[in-house]
Amino acid sequence: MVSKQAFLFSLGSLYLSLLFVFLLMDVYARPANNSALKVEGKEKATDNKDENEIMPPDHLNGVKMEMDGHLNKEFHQEVFLGKEIEEFDEDSEPRRNRRKLAAIFAKVDRNEDKQISANEMQRWIMEKTEEHFQEAVNENKLHFRAVDPDGDGHVSWDEYKIKFLASKGFNEKEVAEKLKNNEDLKIDEETQEVLDNLKDRWFQADNPPADQLLNEEEFLSFLHPEHSQGMLKFMVKEIIRDLDQDGDKKLTLSEFISLPVGTVENQQAQDIDDDWVRDRKKEYEEVIDANHDGIVTMEELEEYMDPMNEYNALNEAKQMIAVADENQDHHLSLEEILKYSEYFTGSKLMDYARNVHEEF
């Protein structure tokens, strides 16, 4: 009986061993990395890290409008907090956030009179915008290296195209070989449309005399059009092209507030759409349409979009003060800023009134 059990045990062990060997063989027979799975030359992408490094971002810190024409909802926080914007979190300890905000107040209050004037706020906005600019310059150095592996300081459109398609999951070596041999790339319609738009943008960033190559500075303009007047103008044209319904290259209020593609399916969506219309109507009438003639020209939109426009910074400073200026003295006290902390930081500092005098 014992010998029979031993035999069955040995047989079972042998079966499990064979099963393990077959599974192991199957694993080693597969590609070493999921990214090697191909569909018509396209690899299965594992993440979009590479894409984020070389694609122009939709969101530009310190710029009033997104690349797609949406208003930048975080603009006020970005130009008030600068790089510290991420430090203000709803989950952060309120007392610590109050102290951070008080420290910022002291920096803005240049003449130390315990209140912030429009000129002081304007100077601060320009400083924080420059901070965002420098951050983009530093990031661009890393991103440029990603598309310039040979380090010659110049990148051709084909070199960028190879890296872009690789970030989308295509086999980099296969794409390079096909481009070298002028062979057709099997690219889906959506990716091709993105490529076409990027190509237009690429050649716009190529400063005269055009050599079809981008250096590091030109690549910065390609990723961040706010760093170049020429590219800022191109960005404005793109936004107007997308919103302009009658082709006159100008924007009426109705064109500017037109809802995004899609239908309202429930009350929550309706509320979102109502907010969209209200916010854009206010921005159009009070800020963008500078001469209030009911028409926004390319020049007006370009001036509105320019983050280094000092006149815009002063207007923004006055608007920010007006939001929290409860005593209507055209200045902001620390208490007023703490009370309207959600506007300035995106984080509501609870029980500010009870604590402000204790702490400061």
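Note: Cβ is positioned from N, Cα and C throughout, glycine not excepted.
Quick look at what Swiss-Prot annotates:
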| type | residues | note |
| --- | --- | --- |
| SIGNAL | 1-29 | signal peptide |
| DOMAIN | 96-131 | domain 'EF-hand 1' |
| BINDING | Asp109, Asn111, Asp113, Gln115, Glu120 | Ca(2+) 1 binding site |
| DOMAIN | 135-170 | domain 'EF-hand 2' |
| BINDING | Asp148, Asp150, Asp152, His154, Glu159 | Ca(2+) 2 binding site |
| DOMAIN | 231-266 | domain 'EF-hand 3' |
| BINDING | Asp244, Asp246, Asp248, Lys250, Glu255 | Ca(2+) 3 binding site |
| BINDING | Asp289, Asn291, Asp293, Glu300 | Ca(2+) 4 binding site |
| BINDING | Asp325, Asn327, Asp329, His331, Glu336 | Ca(2+) 5 binding site |
**Request:** Just give me the nearest neighbour of His154 (Ca(2+) 2 binding site) among the binding-site residues Asp109, Asp113, Asp246, Cα to Cα.
**Result:** Asp246
**Cα separation, Glu120 (Ca(2+) 1 binding site) to Asp244 (Ca(2+) 3 binding site) (Å, whole number)** = 37
**Message:** Among Asn111, Gln115, Asn291, Asn327, the binding-site residues in question, whose Cβ has the most other Cβ atoms within 10 Å in this structure?
**Reply:** Gln115
**Prompt:** In the same chain, outside Asp148, Asp150, Asp152, His154, Glu159, whose C-beta lies within 8 angstroms of the Cβ mean position for the Ca(2+) 2 site?
**Reply:** Val147, Pro149, Gly151, Gly153, Val155, Ser156
**Complete:** Same-chain residues at least 6 apart in sequence with Cβ under 8 Å of the Cβ of Glu159 (Ca(2+) 2 binding site), in sequence order, are Val147, Asp148
**Complete:** Nearest to Asp113 (Ca(2+) 1 binding site) by C-alpha distance, among the binding-site residues Lys250, Asp293, Asp325, is Asp325
**Prompt:** Using C-alpha atoms, which one of the binding-site residues Lys250, Glu300, Glu336 comes nearest to Asp152 (Ca(2+) 2 binding site)?
**Reply:** Glu300
**Fill in**
Lowest 10 Å Cβ neighbour count of the binding-site residues Asp152, Asp248 is held by Asp152
**Prompt:** Given the recorded Ca(2+) 5 site (Asp325, Asn327, Asp329, His331, Glu336), which additional residues of the same chain have their Cβ within 8 Å of the Cβ centre, ordered by sequence?
**Reply:** Gln115, Ile321, Ala324, Glu326, Gln328, His330, Leu332, Ser333
**Item:** In three-state DSSP terms, the structure that His154 (Ca(2+) 2 binding site) belongs to
**Value:** coil
